Each structure stands twice: as C-alpha cells, then as structure tokens.
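S.K.: My structure is below; once you've seen it, I'll send some questions.
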Amino acid sequence: MKVMDALQSGRRKPLPVALLCILVTVFCVLECHGADLTSPTKKSAPLRITKPQPTSQQAKPISITTRAPTTVASTTDDEVSSSVDGQLAPLISSTTEGPSSGTTASLVPEICLNGLQLTVNSADEGTVIRKQEEFVKILEGDVVLSVLTKDPDSALFVINRVNQANLIMADFEIGIRAISIDNASLAENLLIQEVQFLQQCTTYSMGIFVDWELYKQLESVIKDLEYNIWPIPGTRAHLFPKVAHLLHQMPWGEKIASVEIATETLEMYNEFMEAARQEHMCLMHFKSDDNVYIMFGNKLASHFKENGTLFSVPTDRTDDEFLADLPNRAFVLMENEIDLSTAVELDATPTALDEILIGKSVLPSRVLSFAGSIIDLMNWLRGSLSKHCKRGEEHDLYVLESCFNFLNFIEDWRTSEYRQAHDTAEILSLLLMRKLGTAMNFQMYQKKVLTLDKITGESRTELREIASQNFVTNVTTYYHYNRDNHTSLELKTKFGQVFNCQYSAGDNRRYPFLFDGESVMFWRIKMDTWVATGLTAAILGLIATLAILVFIVVRISLGDVFEGNPTTSILLLLSLILVFCSFVPYSIEYVGEQRNSHVTFEDAQTLNTLCAVRVFIMTLVYCFVFSLLLCRAVMLASIGSEGGFLSHVNGYIQAVICAFSVVAQVGMSVQLLVVMHVASETVSCENIYYGRWLWGLLAYDFALLCCVGALIPSIYRSQRNYREGILIVIGSVLIMVIWVAWIALSLFGDEWRDAAIPLGLQASGWAVLVGILIPRTFLIVRGIERSDIAQALPSLTSLAFAQNNQYSSEQSVYECVNPAMRHCSQDEVNHQSPSEIPTLPLRGGGPRRQQFFANLRQANANINPQRPPPRPQQSPSRSSVSSLPPSPDHNKITRF
C-alpha cells in the first residue's frame, strides 16, 4: 500500500521519481564495472617480442625459458575466447608459423623456443633434423656475438680471454654463440636463422663473424641481409710465412730439383709464392729427374700419386685418415694444437677457463686471427661505453643499466679502414695469455711407417719431429738432425740456398726471377672466354671489310665514278684489316705447364718481345684509323657552305696531314722498341703494359681522336661524298664511348686489362665499319642503281638532260669530276650554277660514252647556234653566288 501510495504520489510529483531512477541506474553501472575489473577471466595485454630498441634507461635482459607459463584463469565463454585469439594473432612475431596453443607460450617466436635447426638428408638415415645443441656452443653473456666457423673452440677461447681480461671495463660480460660449420652448403641456412635469432631473441646483439672462405662464398647473401656480418681474417697470413721460413732453413742436398706447387685455390698459391719471395726463395718448375711437391690443403692428399719429395701443408685440423693418405717419408708442416685444461697456466695473473673449454684444443693461427678483430671491436665498445654509460661507485666499472645507444658505434667499426692491426705479442698481453706463447709453434714432421710384423704386415705410423718455429719469437729449432746424420746442422746446405733466386729482372712483378737452363714454356691460344668472343668479332669484321674492299675495287675497274676519291676509303679499309688482324698477338700466350714454371733468360726475352709487339700494334693501328678520319674531317670542314671553314684544302694537304700523323706515331713506337731492346734489364715492357705508362703511349692517339671530335660541329651537316660528314660523326662518337668503356675496365686489374685492350681494339674497328663504311657502301649501291635507272629513261636523248648531266660531271669542287664530260665549250661553263646536291655516279667513261656526248654537243650547235645563255636562278639563301669559276684544264683537275 505504501508503494502504491508512493507511485501515486510520483505521478503527482514526477521530478523526484526521475531523480530516483537516475540514481539507481548510476549505481548499477558502477557495480557492473567493479565486477569487470575484478573478474578473474580478464587477460592482460599480450607481450610482443621483437628486436629491442635502445632507450635512455634499459634494464638487463631476462632470459626466456621454454616451460609453459601458467594462466590466471580460464573462461568458458567461446565468444570471448575466439575474440582474444583474434587479438593475439597479429601480435605474434615469429619466423616460423606454428600451431596456436592458446597460452602465452605462443607469444614467443618459435626460433626463440627451439633455437636453430638443420634438416639433413642422409642416404642411410633419411631426413634427419639436427637440434641447436648438436652444432652450437654457447657462452652466456649480456652482449652477444655470433660466430660461424669450422673451429668453434678457438672462438670460444678468445671470448673467454676477453671476459677474463675485462677489456671493456664493464660489469657485464660478452656472450658468444659459436656455430660449427661442417658443410659449407649449410652455411647460408644457418646464417639466415642466426640473424633471425639475434634480432628476435636477444636484447643486445653486436653482430656475426664468419670464416673468410665462408664470407666470400656468402657475400651476395650477406649484402641482402643488411646485418652486421664481418669476415674473420684468414689464417694463411700467419701460416705461410712459417712454411716458407722452415723450407728455407731445412737441410738439403746440393742438387736442385723441380718444384711443383698444388693448391686448392689460385689465391692460396699467390699468397704462398709471395711468402717464398720474401725469403728470396724461388721455387720453379722445370725439366728434372728430381721433383719436389708442395701440397696445400686437406683435400689433395688422397689424389697424390707421384714419386718424389712431398711437403704437405694442411690448412685445417688433421686426422688419421689424412695422414694415412700421405706416402711414407712425406713431410707434414702444420701448427700444433694447444690442449686446454685446468692445469694450464696461461698468464701470471690468475684467470679461469669456462667449463665448456675444459678438455678442448685450440689452433694458434685461429686464435690470433679472431683475437685481432675482437680486440679492436672491444676497444671501440669501451670507447662507446665511456660516452653512453655511467660508472659504478663501488668497482668503477660501466653499469649496463645506465647505458643507452651504446652499440651505435658498430656502423663506423664495420668499415675496414678504421680498424687497427695488432701483433702477436700485443694480443697475448691484452688477453692475459703470455705464457701460452711458448706453446704456439709451427712444426715440421716426417711420416714414418714402422713394420711391426713382417709376416702379418702389421705396421705403425708415427710422426717424427724435424723442426719447429715459434709464432711469437720466430726462433727455429731442429730435432734429431745432428744425431741422425752424424754431422753438424750448420755444415749442411740449406734448402733456401739451393733454390735461391739467381737473377732479379728489374721491377717486373709478373716475372721477377729468372734462371739459366732449358726452357719448359710453349705457345698456345689463351683459354679465356673473351678470347673466343674477340676471335669471332675479328673474323667477322675481317670478312665484312674484305667484302667492301672487293666491291669498291670491282666497281672502279668497271669504270664507275664515285663521289669523292675512293683512295681514302681503300686506305681506311686496309687500316681496318690491320685492326682485326691485330687480335692475334693478344690471343696467344707463352706459358708453362705449371704456374711456377721455370722462366729462363730466353723466355724473358720472348715475353718481352710479345709484349712489345702488342704495344706497337695497338698504338699504330689506332693512329692509322684516326689519322684517316682526321684528314677526311678536315677536308669536309674546309669546303662548302654547310658551316665549315669556307676555305679549300686539296688532296695534297690531306695526304700530308695523314702521312705526318702516321709517321709521328711510327717514330715514337720504334723509339720505344729500341729503348726496350737496348735496356731490357731496366726497362720492362710488362711494367709499361700493365702500368701507368700505357696511358702515355696512347696519349697521341687520344689527341687525334679529340681533334676529330672537335671538328664534329663543322661536318655533321655536310651532304657530300655520300653524307660522309654525318657518318664520320657517328663513327667518332661510337669510338669515344668504346674508349671510355675499355679504359675503365682496364683499371680493375691485370686480368681485366688483358681482355679490355684487345676487345677495345675490335670494338673500335667495328665502330668504323658499322658507323661509316657499311652505310657508305649502301649509299654507293643505291646511287649506282639510280644512275642505271636514270640512264635508261627516254630523256637521255634530250639536249637539256645532256647539258645538265654535263654540268654535274664538270664540278671541280670536292672531286665531283667526270672525265667523260671534260670537253665542253667555255660558254657552257660560264652559265653553270652552283649546287650542293651530291651527284650520281656515272657508269663507264669509255670511248663510246665520250662519242655519245660529242654527238649531242654537235646536234645542239646545229639546231640553235645563236641560243642565248640561260639566266641563272638565284635562291634567296645564295643570292651572293652567281656562277662557278671556269673549269680547270684537263691536266689540273684534282680529286680529293
């Protein structure tokens, strides 16, 4: 009743009722929000794992574990569950797609949970998936480096020494992920996975180091990844000087033997030969009954079947299989492996080894190569920490939590010119392993097979120490020699004394040492691809040039009259024949069977002569072509009114220009040949050809080409001589482009220069052929056909056509001379008008044609003897020209 009364009273008082409803609504809304905020089924926002960005205050990284996290509560509402999954999907950042588990573990990229994986197809076991634990060794640290190498233990040892020495003076350590590369074909996949791991699973990652050989193999992939990836310097810089020194100091007999060097790569061969020359030791291959073989690498031992003295230099760790493939009494030169244990004392300062290194062995060359780059990187890191971090109050070390943007220096360090080299003693001192220097030795062993039982054939192989050289002190020690040979080592002739360089050929870096003896070198065609290309171009160009030359000679013999004197065209064709034939000296070589073949004094003279012939031909044929083009360009620019000099240069002056240009170049080339022959010991053609003096030899030819280019504005509009002006312009521009191309290519090295010079010659010849001679031949053929058609028309018998034809044949300008029309009256000559239109070639200037025009002139005199001369038609552009001067006498007509 009270409620009804209240409602009834509310009808009478609506304002209190409305206020009551608003209060009830607000209370309900607050209750609902409170329930939502305290609901156990509400999940927090998921955490996205991406590459961390440096901030002003960065906390130390938290390690990611693989155990599944527990959820706060679960919901039974399907709609809410699907909605949450839809929000999580775009936030998950992973390199590999995996099934959704519905837990926060799915927020972590799969590569962070499982690490790196390799799928290997084996013939015996099928498809095998290798886990990260099988090929990755890890030293934990706050700032991480990765290494892809064949020797992960040496890389781990270097980082251990960096942390023990605390080169960065910080309260954190450097971590490393050392990835063992057993198969080079798997390196690309592992590198890509490691980049993804460092980007998504680590907070502070500096970059990745890769073995030198792998870096060269993956260089294109590394550029595409755009990550901090650097090569580890090769170990050959530490090994090859030791090999050369031990060989030089090794006791040897008095008899010299032929030396054959076998390497896996040409780069390895060149580096060893340079190390041998530093010892002034020449290891040459020649005809001999006694042979010495020096074999580099671990892959060639099983292929060695020769008899002789063998020196084997493995570049990686050796095993029993490698030693078993070597013949008995073979010498092995390799670095000793240093065993790591708790009993090894590395330095006077007490240090410790990480547990993962106990019982392992390292190679000195690997340690020194990697340590040099790491020390320089740590110095840069310490400098960056001093700018972006604060020191702690207790230990005066840089505190990681106070650092910001301290890895930005890497962009500058990755540039090689900013790096510094460190010698061996400095590396050992900085990494607190000075006492390890006595164990870093490069040793020479000799394999000996001892027969234990003659009946069963049981044998035992041992390596007998011959000599060793220390990496730090370079002191050489010999073992057992005095006892085994019953003589003093100092009284024995050394290997380096027997194979000493007998003669040094000046500064010739290609053939620096010469020998007396029988030559083993021979002639052959080069096996390079560019030789086949150049020979093809030369043969085709020679065929085309001969075809044009035969065509012109045949047409001249038939009595055709061309625009202009064909003599220059014939000379230009002959010069092109020389251009295309000049490829022969560049396509042959004088070599031996081995790269280190014995070079005698006679061989050096032969090589010097071949080089001189190449230089002489190159400069001379360029001069022939450019001189002819220049004299034609001068003539075109000096005649007519198409923008030239408006002064005439006759054929004699053209001949003088061409002859002077050629004789000047011949004189300079002959002088060079004489100087190289007289002073062959001090002046080497190889140094000229492969050095900067080559540009001095080509300076004169380049000046002629520039002169032709300077005349382009004066000749490009000329229509004379089958539009020779524009054709010379096209040919000159093509030659200039070709010159820029081959000169640029020749700057990349000797091999590029060997190909660029002859190919540039052939391309220049084809530029003249395609730009000038082939179009001109087409215009000649077209002119001959037009002349044949014009002479076949009925108007040939008309008097007007005969007079016009007579005029066109009597032009004395620019060799437009027709011998058949020279006998004309003076009145007809005075009424001729100038014309710049090229004339048509006339067929045959024989007696029948002369009799035909004589009859026409007689008929003209009988029909109209008092005919007034026609008034010349003056064009507005040539109003100042009325007529040409009288035609010269028969014996004064000159063809240009």
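The backbone N, Cα and C atoms fix where each Cβ goes, glycine too.
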S.K.: Looking at the candidate ranges 305-324, 825-844, report the one that Swiss-Prot labels region 'Disordered'.
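M.R.: That would be 825-844, the stretch labelled region 'Disordered' in Swiss-Prot.
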S.K.: Would you say whether Swiss-Prot puts Val195 on the same side of the membrane as Ile784?
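M.R.: Each on a different face of the membrane, per the record.
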S.K.: Against which stretches of its own chain does the transmembrane segment (759-781) lie, if we need a Cβ under 8 Å and a gap of at least six residues from its ends?
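M.R.: Residues packing against the transmembrane segment (759-781) from afar: 530, 533-534, 537-538, 541, 544-545, 548, 551-552, 555, 562, 569, 572-573, 576, 579-580, 582-583, 586, 618, 621-622, 625, 629, 722-724, 727-728, 730-731, 733-735, 738-739, 741-743, 841.
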S.K.: Which of 531-554, 570-588, 615-637 has the most Cβ pairs closer than 8 Å to the transmembrane segment (728-748)?
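M.R.: Maximum Cβ contact count belongs to 615-637.
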S.K.: Cβ pairs under 8 Å with the transmembrane segment (531-554): which stretch of 570-588, 615-637, 655-676 has the most?
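M.R.: Looking at each of 570-588, 615-637, 655-676 in turn, the most contacts to the transmembrane segment (531-554) are made by 570-588.
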S.K.: Report, as numbers and ranges, every residue of the chain located at least six residues beyond the transmembrane segment (655-676) whose Cβ falls under 8 Å of a Cβ in that stretch; write 'none' if there are none.
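M.R.: Tertiary neighbours of the transmembrane segment (655-676) are 571, 608, 612, 615-616, 619-620, 623-624, 626-628, 630-631, 634, 683-685, 688, 697, 700-701, 704.
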S.K.: Restricting attention to the topological domain 'Cytoplasmic' (782-896), give the mean pLDDT.
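M.R.: The average pLDDT of the model in the topological domain 'Cytoplasmic' (782-896) works out to 51.
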